[in-house]
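Record features, source TrEMBL:
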DNA_BIND  A:23-62  DNA-binding region
DOMAIN    A:88-188  domain 'CoA-binding'
BINDING   A:98, A:99, A:100, A:101, A:102, A:103  NAD(+) binding site
């Protein structure tokens, strides 16, 4: 437990559990779409590359009881509970800062819509792209960040700007009241302790792939989905 | 240990260790650039949000001894050893499949060059983009995949295609002899067991950020770099 978690009086779920929860959730939703009402612990665990013991431990951290011996897990109930745990019942109003290739790719990415996430605005500093249509929105001027955040109640930001601009844009986001930032720049951002920052580091992913390639061990970090397609 | 690892007679490093190794490496390189020859275990560990005991355990998994009591770690030697462990001494000849916004963003991304990685080709199916310049290359026809892989000795591929095309492109890559794939489509790919697949799942990152946001606990998964900027 970090000092910050201790202060908060609550222990955050382990990162590995969080990652598996997102996979369980996707598998449960696939099962729902396939019309299944219950799912076995073996099936659900294997969707996340885990075993039933790990699944039970993960779910025990959420509190409550979701499985019945011989019946399995209630698909809808468990999906609902995991969604609530992950904070997906809240309304996340997302602004993407940076309308370059990456920002535009993210704006069009289906995972950035639904599940409580709504793409509210995409901003850029360059007059060449301001006003251009992206994913059903128009690119707005980055200099209007503060007023856009206030007027549109933006509460989450995605940073897709060049490395050299990342820290200053982060500062502007924090000054505008944003406390949740997904950072795609390979730059370690400095921010006050109450700001949540999550970094997606593509070179890290490439290096870890190189490790497995070098080992010569076939390694697939995703496994077949729960529901037949 | 999975069956596959047991068959291979070698235990793969834990995922958390791998992630920290990439951070140690970046910190060591920053220290090198700053002209530092040794670094303390406290400083190096904190770069990865870890403590000296975790650092020592991580490094013990690599074999060898890199630190001297009272002196610290040899920056160049340790960077070299971590790079070798991660397979970064090999030459990774990378093809990006998909020259849409995401593919173009990745092609321009600095992390995809250097460290043993070389961007060899970017391919797309659409006549509208074939031949267009991207990051110093020209987009080549996806239908030439097999001959490009053979002629250019491509040994790693990045999948940046629409979800619906991901599995069929994966099949083509495998048929062309590619055994290492970094997949950006939120689709679970089916591939033979000797193929390494790593998935970057942006909606998972967004959901985990939402979890921390919902908790109200400031959580920053990256920490200040080792070397002053």
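Just so it is clear, glycine is given a Cβ too, placed from its N, Cα and C backbone atoms.
Helix, strand and coil residue tallies for the domain 'CoA-binding' (A:88-188), in that order: 34 helix, 29 strand, 38 coil [DSSP]. For the binding-site residues A:98, A:100, the largest tally of other C-beta atoms within 10 A is found at A:98. Ranked by how many other Cβ atoms sit within 10 Å of their Cβ, the binding-site residues A:99, A:102 place A:102 at the bottom. The average pLDDT computed over the DNA-binding region (A:23-62) stands at 89.
Around the Cβ of residue A:103 (NAD(+) binding site), a 10 Å sphere holds 26 further Cβ atoms from the protein chains shown. According to DSSP, the secondary structure content of the DNA-binding region (A:23-62) in residues is 29 helix, 2 strand, 9 coil.
With a 10 A radius on its CB, residue A:101 (NAD(+) binding site) counts 20 other CB atoms from all the protein chains.
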